[in-house]
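Structure first, commentary second.
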Amino acid sequence: MVTILKSSVVWSENVYVRSTMGFLLGIVIAVALASVVGRSAASIENMIREQGYPFEKHSVVTDDGYILTLHRIPHGKNQSGKVGRPVLLWHAILCSSDVWVVSRPDKALAFILADKGYDVWMANSRGNTHSRKHKTLSLQSAEYWNFSFHEIGYYDVPACIDYILQQTGHNSLQYIGHSQGTTIFFVLASTRPEYNKKISHMTALAPIAFLGNTNGIIRVLFFFSPIVEVFYQVTGTYEFLTGTSIVHPIAKGICLPDTVLGNLCNNIIYLSVGYDSQQWNMTLAYNVYDFIPAGSSVKQFSHYSQIAKSGGSFRKYDYSYSKNFEIYSQYEPPNYDLSKITIPVTLYYGKNDWLSRVQDVMKLQSKLPNSIAKLVPYPAFNHLDFLWANDVVPLLYEDLVENMEKY
């Protein structure tokens, strides 16, 4: 493992500078093309039904009018009619509910939980492939895309929780988030503490709140975020890496497994999330390109960028002094008060995660009144390994499921 980490550092130093500008240029080109050409999303229903699991699709309307899609696996393969305790799974930025079911049933968390007797609900944040409607706003309007992860946490998450509890008759549910799926939980539980009673336990995979130690391409993007934001303003584009874009077929055409270009695609991913070729399944990654990127707002990216450059704060969106005072009654955006989160939280983190860094996770744990942190026992475990590592079950999911049973 030490050899892997040493080679990882040397490799990253050699390719970091050469790859970054090409990656940024690729994003600009992809976004420009995406604004012109669309495609239909891959069918999550087919992925679930083909594996022999039941599938349901539900619509939820938030208090501010966004129409979200929930996907449900009410029980496992051989448990017809038996519905267990509800668990809500929430994806990362640029992702969708598809991430939980793209792997084989013995490796995909949604299927594993269903077979363990859980009633599995998979959310889709506003603006992604499956949640692109509003009661009054047009998808093409600036108003539709005027949200960051704050609005997702404040409106989307409680709407889905209330709907699930109403549908199932339960008083509480368990929550599992990955990356931004954890951020929005921290937003909800700190700004609407009444929901602490509706969540019995929260499992945080690669938790994101503080971003002072982020590494790789994402750190470069955060640094150049003002330029990226100006580009979007000039082009009149409000969606960041659209979920109905030509990016998917381009990626499928270029990033073929076991090819030179396929390896280049993998290296770009490693520069974003951390290098781990041993756990990265190129064939699975090729299938992931069917639904990632799934879309997000430019404001989401901007908010994360602000936090990364805030000097170690986890705080609300910074609009500028004058507008901040108008909205918050103070010139600086207020911090999220994590001390209000009384829910038991389990933080799973990896040493080689370039986004959810160990130092930032430890800082987060120190702010949460009722939390434990668990290090995944594999030194090269990166940000995407939490979903798709070859050995994700013995390294993570076995402990995750056992830990959930305590709550």
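Even glycines carry a Cβ here, placed using N, Cα and C.
Annotations in TrEMBL come from automatic prediction, not curation.
According to TrEMBL, the active site, nucleophile annotation covers Ser179. When Cβ atoms from all protein chains are considered, those within 10 Å of Ser179 (active site, nucleophile) total 26, not counting its own.
Residues annotated as active site, charge relay system in TrEMBL: Asp353 (among others). Counting every protein chain shown, 29 other Cβ atoms lie within 10 Å of the Cβ of Asp353 (active site, charge relay system). In the three-state DSSP reading, Asp353 (active site, charge relay system) counts as coil.
Contacts of His383 (active site, charge relay system) defined by a Cβ separation under 8 A and a same-chain sequence distance of 6+ are given as Ser179, Ala206, Ser272, Val273, Gly274, Gly350, Asp353, Trp354, Leu355, Ser356, in order along the sequence. Residues or ranges marked as active site, charge relay system in TrEMBL: His383 (among others).
According to TrEMBL, the domain 'Partial AB-hydrolase lipase' annotation covers 45-103.
Annotation source TrEMBL lists transmembrane segment at 20-42.
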Tally of residues which DSSP labels helix, strand or coil - the domain 'Partial AB-hydrolase lipase' (45-103): 9 helix, 19 strand, 31 coil
Averaged pLDDT, computed only over the residues in the domain 'Partial AB-hydrolase lipase' (45-103): 95
